[in-house]
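Shown next, in structure tokens, is the structure this report addresses.
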Amino acid sequence: MYLARTRFLFFLASLACASIIGVAFYLQQAVGLDPCTLCMVQRAAFIACGVLALCAACHAPGPTGTRRYSLGLLLVALAGLAGAGTQVWLQTASADQLIPFITRLEQILSLLSLDMCIDRLRSDALFCAEITWTLFGISLPEWSLLAFTGLALLPLYPLFSELSHWLATRDRGGY
């Protein structure tokens, strides 16, 4: 029963990611909301989460494979969570907080010899800081933050249920 539950959870996660990407493309095409750089990063993370979850649902792996898929989904969801969190911070930060952030990021990019990214960063950081659309008073990056939080919590169920199962069998002398 455990594997059937995790397979269903992975399928739900892939369905949620596909729905989110569909809504994002609808908002871009029908409403005219152009995505910024951080929005594109979040879209890539949603696509990666969806593909990974769909592969896990179709593959129906054993306990070891479920752990691996769960860990991969957790890492990708945490990366998306970082991108969405950064965009939410950019939207709530004041101008005096944005300038040192952009300056520090420019220094890091120049150390990495990514000077061509600096001009794009300057314009995109200000573009990402704009709140262009809300639903129920919540902006799109905040919705993404909520979705990535759910996607990060979802793989914890298989990971911790496996851990509790392992601890229970170890206490009985099963291993």
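Our numbering is plain: 1 for the first residue shown, then up by one each step along the chain.
Keep in mind that glycine also has a Cβ here, set from the backbone N, Cα and C atoms.
Annotation in Swiss-Prot places Cys36 in a disulphide bond whose other cysteine, of Cys39, Cys49, is Cys39. Topological domains recorded in Swiss-Prot put Leu9 on the other membrane side from Met40. Averaged across the topological domain 'Cytoplasmic' (162-175), the predicted model reaches a pLDDT of 62.
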